[in-house]
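Q: Let me begin by handing over the structure; questions about it come next.
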There are 4 protein chains.
Amino acid sequence: MANQGMKIAVIGGGSSYTPELIEGLIQRHHNWGPLEVWLMDIEKGREKLEIVGDLAKRMVAKANGTIQIHLTCDRREALAGADFVIIQIRVGLLEARIKDECIPLKHGIIGQETNGAGGLMKGLRTIPVVLDIADEVQELCPDAWLINFTNPAGMVTEALLCYGSHHKVVGVCNVPVHMTATVADMLGVDKERIHIHFAGLNHLVHGLNIFLDGEEITEDLLQRLTDPDQQMTLRNIDPLPWQPEFITSMGVLLCPYHRYYYKTKEILEEELVQFQSGTTRGKVVKEVEEELFSLYQNPDLNEKPSQLEKRGGAYYSDAACQLIDSIFCNRQTIQTLNVQNNGAIAGIPYRSAVEVNCVVTKNGPKPLAVGELPVEINGLVQQIKSFERVAVEAAVTGSYEKALLAMTIHPLVPSDQTAKRVLDELLEAHHEYLPHFFSSQR
Amino acid sequence: MANQGMKIAVIGGGSSYTPELIEGLIQRHHNWGPLEVWLMDIEKGREKLEIVGDLAKRMVAKANGTIQIHLTCDRREALAGADFVIIQIRVGLLEARIKDECIPLKHGIIGQETNGAGGLMKGLRTIPVVLDIADEVQELCPDAWLINFTNPAGMVTEALLCYGSHHKVVGVCNVPVHMTATVADMLGVDKERIHIHFAGLNHLVHGLNIFLDGEEITEDLLQRLTDPDQQMTLRNIDPLPWQPEFITSMGVLLCPYHRYYYKTKEILEEELVQFQSGTTRGKVVKEVEEELFSLYQNPDLNEKPSQLEKRGGAYYSDAACQLIDSIFCNRQTIQTLNVQNNGAIAGIPYRSAVEVNCVVTKNGPKPLAVGELPVEINGLVQQIKSFERVAVEAAVTGSYEKALLAMTIHPLVPSDQTAKRVLDELLEAHHEYLPHFFSSQR
Amino acid sequence: MANQGMKIAVIGGGSSYTPELIEGLIQRHHNWGPLEVWLMDIEKGREKLEIVGDLAKRMVAKANGTIQIHLTCDRREALAGADFVIIQIRVGLLEARIKDECIPLKHGIIGQETNGAGGLMKGLRTIPVVLDIADEVQELCPDAWLINFTNPAGMVTEALLCYGSHHKVVGVCNVPVHMTATVADMLGVDKERIHIHFAGLNHLVHGLNIFLDGEEITEDLLQRLTDPDQQMTLRNIDPLPWQPEFITSMGVLLCPYHRYYYKTKEILEEELVQFQSGTTRGKVVKEVEEELFSLYQNPDLNEKPSQLEKRGGAYYSDAACQLIDSIFCNRQTIQTLNVQNNGAIAGIPYRSAVEVNCVVTKNGPKPLAVGELPVEINGLVQQIKSFERVAVEAAVTGSYEKALLAMTIHPLVPSDQTAKRVLDELLEAHHEYLPHFFSSQR
Amino acid sequence: MANQGMKIAVIGGGSSYTPELIEGLIQRHHNWGPLEVWLMDIEKGREKLEIVGDLAKRMVAKANGTIQIHLTCDRREALAGADFVIIQIRVGLLEARIKDECIPLKHGIIGQETNGAGGLMKGLRTIPVVLDIADEVQELCPDAWLINFTNPAGMVTEALLCYGSHHKVVGVCNVPVHMTATVADMLGVDKERIHIHFAGLNHLVHGLNIFLDGEEITEDLLQRLTDPDQQMTLRNIDPLPWQPEFITSMGVLLCPYHRYYYKTKEILEEELVQFQSGTTRGKVVKEVEEELFSLYQNPDLNEKPSQLEKRGGAYYSDAACQLIDSIFCNRQTIQTLNVQNNGAIAGIPYRSAVEVNCVVTKNGPKPLAVGELPVEINGLVQQIKSFERVAVEAAVTGSYEKALLAMTIHPLVPSDQTAKRVLDELLEAHHEYLPHFFSSQR
């Protein structure tokens with residue numbers, strides 16, 4: 001990773017998100033020397049890869065960037081000698097997501113791609129593939145940092161840290177960036193002036209303290225969130241407003257995903273209404289994706305189209321590009337990342353993944369010590385971490401019993417009977433992508 | 001606590017359980033020297049106290065026991081110089097329990113006296129009274145052991161350990177004794193031949209390993225529990241049978257209360273059916289109690305009537321009498337008790353209460369080191385312990401916000417909106433017994 | 001390990017201690033059914049084995065015991081199907097011990113068989129042999145409990161727990177038994193009336209609380225120890241009296257070995273005087289041993305000779321026989337043993353060995369939770385545990401660098417230069433017994 | 001602490017170090033707005049205060065700085081409304097230090113101002129005074145950061161964190177800065193290119209990993225240190241060279257103070273030679289101080305004289321000024337500081353002080369998570385932390401027994417008898433500065 005330049009491999013390069021990533025790289029690459037970006041996708045995704053790749057090349061050209069874009073379906077070629085490997089795959093594509101959403105709803109429980117039954121299934125499909133990639137990274141570019149975007153990012157990072165062969169691993173999520181930006185918007189200030197002490201797990205992260213220009217404003221901000229007009233500003237992340245007294249008694253800023261646990265009833269009702277009307281988030285996304293790809297094909301398009309923001313992944317590429325820049329240039333910035341806990345949060349195993357503020361240097365991210373989580377949030381964090389650990393064990397071993405155990409102990413699954421019914425139907429539906437669950441041992 | 005005899009004070013002595021306690025004391029008191037038992041109750045309960053007290057005296061007479069039974073409504077008189085203080089009160093009587101069951105059900109959530117919304121309310125009513133008793137114990141009989149039966153025993157013991165002025169405190173529950181007896185029944189062996197390594201929290205305890213004559217039989221026993229015919233035997237504790245694969249994948253013996261968390265849906269449905277038909281467990285118990293007291297009044301009755309077993313508290317007095325005997329006679333027996341964790345279970349605060357196997361000597365119970373709980377059970381245990389800690393803080397401070405927080409983070413409460421509605425209605429219903437929630441600060 | 005009898009294998013059966021062990025077995029074996037004892041020693045020790053074995057047979061005959069004594073130099077024959085395996089070997093015999101004492105003293109530092117430089121060397125010689133035995137136990141009698149007497153028992157148990165293939169392992173030491181007996185003597189009471197909460201490491205154990213008939217007497221006892229006349233009573237364990245204010249401010253009962261750390265100067269001076277006069281403890285012991293073996297050869301001797309008590313190992317066999325009895329008969333007694341920590345003492349790794357009160361059942365010993373050690377003693381305990389962990393790593397790997405590191409960080413070794421000089425001379429002196437330190441890697 | 005300027009109070013402002021501090025403030029103050037510096041000293045030190053204060057004013061004038069220098073003997077005046085409070089006092093002056101050095105040496109043990117017997121005494125004298133200052137800070141400038149330079153900085157920071165009334169506290173030491181600079185010198189590179197992961201305690205800090213331009217070079221650097229010619233470069237910190245194999249087997253960079261523990265014998269011999277020739281470090285420093293003050297009086301001197309570097313405190317003011325700047329300007333720099341552990345280092349209490357890399361923002365320093373210390377260093381760190389905790393308890397309570405306990409358990413004190421003799425003589429010698437040890441309770 002010398003200063004003579006950088007090679008980035010993007011696994012799942014045909015993703016509709018790629019233009020945002022390319023935009024981020026264009027903005028920063030002048031600090032890095034010559035940059036090669038290898039967009040890699042599976043054979044089945046070659047068409048999308050070419051559409052996205054061509055747009056990427058036009059974007060670079062327009063910006064007079066010195067980035068070489070390579071397209072390949074050969075993963076080993078993409079990885080060989082890379083400095084950074086970005087994983088943004090979707091095993092089973094959006095079709096699988098739609099099943100993860102619909103089958104649980106059919107049984108009366110929440111269906112969502114990173115939480116509960118759906119999150120478990122996405123983990124079971126994704127983890128074996130990501131562990132294979134880690135093996136190849138260890139073989140072909142052992143000094144590379146592996147940056148994972150793929151959800152459920154908490155489980156995937158846990159699997160890479162505890163069962164993977166390559167340990168230079170970071171999980172990236174846009175939620176903390178988004179929360180910071182939202183707070184800045186609420187206050188009408190530039191987001192660089194806001195700093196938040198984040199701690200928790202992926203999609204279960206908490207702003208423990210919030211600062212404006214270095215002065216703590218946590219209490220004021222939470223008070224402000226209890227005002228229904230002010231809550232409007234957050235509604236684009238979390239349309240269901242929190243109970244005001246709950247916000248202030250909680251004392252920390254919750255992330256949007258917390259509503260799955262503290263508004264289970266209302267969310268489920270909403271999802272069921274949508275489901276009965278024939279729509280789910282996955283179907284919406286699928287339409288957005290189709291629209292995006294038809295835009296991307298326009299040979300006159302040479303920048304990220306504004307429609308991509310509807311897709312929901314804003315700030316992802318920003319977080320990733322900032323991380324790459326911080327590592328490559330040894331910048332000592334603070335970012336909120338999924339890394340090995342190593343004692344940063346009390347009561348979570350040292351080896352496990354947590355989402356926490358880190359200082360990023362050339363040696364990668366180092367978490368800041370958080371100490372004990374406030375008792376109010378510790379219980380749910382511990383419960384989800386226990387679920388994730390069992391789920392990862394299921395994914396790695398292909399054990400039906402472990403998968404059932406993970407499903408049953410998840411707080412969004414209301415009974416062992418429901419767990420079994422939903423699991424059995426989901427396993428059958430995803431048969432193709434779960435080969436290790438369908439070998440001899442069952 | 002010299003060998004010249006023993007004084008036991010029973011706070012809530014007018015309880016329908018008292019005859020079982022008296023029976024246990026009669027069986028064991030010959031080892032202890034002269035025994036005085038002071039049954040104390042509040043003025044409002046004087047009639048019941050006299051009924052129960054008279055029966056107790058007849059039981060002693062019949063057994064030719066050397067026990068003096070005293071009846072009083074003066075708590076200080078009962079406590080003065082006691083060696084053991086047993087707390088078995090019910091603040092608000094069964095009327096309050098019925099509200100704890102019905103109001104949550106009205107809002108579509110589980111209503112139960114030791115878990116969830118109902119358990120929280122019972123804790124809020126009970127803890128201030130128990131802390132007052134502890135203050136008096138510290139003043140009037142500072143060497144006494146305080147033995148608590150009152151539910152929610154986990155929260156109450158937590159409160160005594162973390163906020164009480166008297167630290168010789170043990171919480172007793174009949175669940176582990178019951179589980180051991182049930183396993184023995186299943187195997188058709190005497191219960192002394194069964195030994196179980198229990199660990200967890202009150203009403204959330206797990207049999208980590210099960211032994212017959214010292215040989216581990218955990219796996220066989222769990223396998224046996226998957227057979228529907230064998231499950232019959234357990235049905236009197238847990239009428240809803242577990243999913244067989246869940247039993248074996250869990251790998252530990254769950255307690256009956258686990259079904260509130262892993263069969264939430266089925267239990268709720270069942271409770272709602274009963275509720276709509278106008279009955280709840282509290283109402284059933286109330287009828288049983290009335291029947292019992294009419295039996296107790298019979299001047300010819302001079303032993304514990306068999307009908308008491310319907311009441312559901314079997315083994316309580318056995319556990320308490322064994323504990324008293326073990327402490328007084330320094331017996332080094334192993335019992336499952338609610339005590340200060342002190343590192344026995346990893347990841348739970350050292351000061352907090354846990355339910356765990358202890359060696360009991362004259363110096364009271366010392367927990368055996370459990371180490372890390374299996375990951376499968378750690379999440380729920382942590383979540384309930386966090387809930388209990390917040391709930392105890394609410395009970396001690398009378399803070400509405402803390403009470404709302406406790407309600408919302410409980411896993412059986414499905415949303416912050418529901419939490420507020422249920423809490424507000426319950427607070428109002430229990431107004432009389434929650435004076436600290438209705439002073440100036442609100 | 002069914003009730004049809006028991007087989008005990010004694011590795012190092014030719015030891016002069018064996019008659020005490022036989023005496024203990026004779027006293028207890030009637031509870032166990034038919035008993036076979038296999039005394040095994042190496043070829044070089046065959047003569048001693050036969051002398052001791054013949055005495056053992058005469059002892060059994062005199063007592064009309066139903067014990068079969070077998071003598072063998074074939075370790076596999078001794079182990080096959082054993083229920084208990086006792087290790088009481090001495091790699092390099094007393095000659096090696098004398099070197100462990102003399103060479104450090106030559107360099108001006110304490111030379112002692114279980115602490116400091118000498119203890120390290122004994123560990124390096126012993127651990128590989130004990131790990132080999134554990135492999136054979138795992139192969140030939142996988143259900144057996146391995147009971148280790150061999151010093152340094154802390155390091156050896158650490159090695160067995162962290163690097164051994166057989167995990168049913170207990171380390172036994174006579175120090176806690178001895179301390180209890182001494183306290184009883186001081187008070188003129190029977191030792192069954194004294195109970196002490198012990199915690200720490202082998203040869204670094206502390207009586208945290210002391211009880212007489214279950215009443216705590218710690219403070220009184222420590223006060224009594226400050227009286228020079230009362231200290232007389234302890235002088236046979238610890239001839240150098242402690243500074244009175246130190247005893248009371250420490251607040252816990254120290255073990256005799258603590259004087260190596262808190263009386264380093266006086267002990268070293270005393271040892272140097274003896275060393276210069278040509279004597280060390282090892283030489284004294286060697287003479288005692290020779291005397292013992294000449295006694296043992298007397299065909300009229302048919303009981304343990306009183307001279308054995310001079311040897312210094314009193315209570316060892318008592319501790320071991322009590323342990324065997326407790327396990328075999330599932331007795332739930334409390335004994336102080338070297339076992340896996342598993343959270344019993346805060347701040348020591350869960351896998352590491354500690355010496356702590358345990359409840360002993362058919363499933364072996366389970367430690368009682370101690371929690372945090374008093375800050376006064378925590379520092380030295382942590383330091384010795386860190387030393388032991390590095391020393392065990394050196395023993396297992398044969399790494400010269402790790403051995404040097406262990407030597408240098410030991411608190412009785414006053415400098416890195418001294419450490420190297422002493423280590424080099426000791427390695428050379430023990431060349432024959434340290435083959436893994438003299439292979440290619442150095 | 002608004003941008004309208006800054007007030008710094010320097011308690012012990014008459015110190016000979018002050019010119020270095022002034023130099024550092026002159027270099028940086030342009031970022032801060034108007035700056036007031038209040039140099040405060042006790043009445044007895046008024047003459048020195050004026051000499052140093054006048055020099056400070058001349059330095060500011062020469063540099064055209066906008067700093068107002070105030071001199072006062074009224075501590076409350078100095079503190080009122082301060083933004084930063086620097087403590088650099090020396091209770092008992094150099095006379096006391098000389099006693100701390102000489103009395104232990106008289107008894108044959110190391111005498112040094114921050115370690116062992118001398119360090120303990122300096123702590124006992126200093127801590128009550130510093131806690132009084134903290135009370136006044138809390139009263140008069142509750143938002144101020146209290147920055148402590150006074151040794152023994154580990155104990156003083158521990159006392160402030162665990163017993164002080166003001167919690168915005170940081171301990172600063174020049175050792176990590178010095179080590180970084182020395183590594184840079186060895187490699188012939190600028191010190192900004194070197195980054196070291198430091199962790200441990202004050203004066204017992206370790207460089208766990210060493211980086212050059214972000215690439216890890218730990219192993220190479222340790223290898224280089226084994227070369228006697230390369231060790232020359234470090235000799236100005238640590239003139240006694242380490243045993244080469246010890247350096248590499250240790251695997252981390254030790255600080256100069258480690259030689260008190262791993263070269264105890266050689267250091268003691270060297271100190272005894274100096275002591276017998278009538279000199280100690282304290283006496284040397286006293287002469288240097290006298291020379292410095294005569295220089296400072298020269299009205300033509302208007303910059304820090306180069307002779308100050310002989311004094312030994314180089315980099316102190318640099319560390320402090322960088323810290324003030326980082327906090328005031330919210331810079332997110334990484335500095336090695338003494339702060340509350342909060343889980344950063346495993347096995348040390350959350351409340352205790354550790355010396356560790358921190359990110360410094362407007363909210364002060366936050367430690368990076370270190371996790372478990374390497375086993376090789378954990379033992380000594382735990383031992384010294386235990387000593388510090390007992391020593392602080394002695395300082396706070398004035399308990400003779402706790403002081404004796406602290407003295408006896410320190411690894412540089414070789415016996416309980418020596419501990420008592422040395423303690424008694426030191427207490428007597430420092431009678432005037434230890435009023436709480438000479439009140440009724442003794």
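Glycine is no exception: its Cβ is also placed from the backbone N, Cα and C atoms.
So TrEMBL has the following annotated:
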| type | residues | note |
| --- | --- | --- |
| BINDING | A:Arg97, A:Asn151 | substrate binding site |
| SITE | A:Glu113 | site 'Increases basicity of active site Tyr' |
| BINDING | A:Cys173, A:His203 | Mn(2+) binding site |
| DOMAIN | A:198-413 | domain 'Glycosyl hydrolase family 4 C-terminal' |
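Help me picture these features in the structure, burial and contacts included.
A: In the three-state DSSP reading, A:Asn151 (substrate binding site) counts as coil. A:Asn151 (substrate binding site): 22 other CB atoms within 10 A of its CB, across all protein chains.
All protein chains included, A:Glu113 (site 'Increases basicity of active site Tyr') registers 22 other Cβ atoms within 10 Å of its own Cβ.
According to its DSSP assignment, A:His203 (Mn(2+) binding site) is coil. Neighbour list (A:His203 (Mn(2+) binding site), Cβ cut-off 8 Å, at least 6 residues apart, same chain): A:Thr114, A:Asn115, A:Pro152, A:Ala153, A:Gly154, A:Cys173, A:Val175, A:Cys255, A:Tyr257.
Model confidence over the domain 'Glycosyl hydrolase family 4 C-terminal' (A:198-413) is summarised by a mean pLDDT of 91.
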Q: Do you know offhand how many angstrom separate A:Arg97 (substrate binding site) and A:Glu113 (site 'Increases basicity of active site Tyr') by C-alpha?
A: 6
Q: If I take the alpha carbons of A:Asn151 (substrate binding site) and A:Glu113 (site 'Increases basicity of active site Tyr'), what is the distance between them in whole Å?
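A: Rounded to the nearest whole number, the Cα-Cα distance is 8 Å.
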Q: Check A:Cys173 (Mn(2+) binding site) against DSSP and tell me helix, strand or coil, would you?
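A: In three-state terms, A:Cys173 (Mn(2+) binding site) counts as coil.
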Q: Helix, strand or coil for A:Arg97 (substrate binding site)? Use DSSP.
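A: It is helical.
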Q: So, in DSSP terms, is A:Glu113 (site 'Increases basicity of active site Tyr') helix, strand, or coil?
A: coil
Q: What count of other C-beta atoms do you get within 10 angstroms of the C-beta of A:Arg97 (substrate binding site), across all chains shown?
A: 24
Q: Tell me the Cβ neighbour count for A:Cys173 (Mn(2+) binding site), meaning other Cβ atoms within 10 Å of its Cβ, over all protein chains shown.
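A: There are 25 of them.
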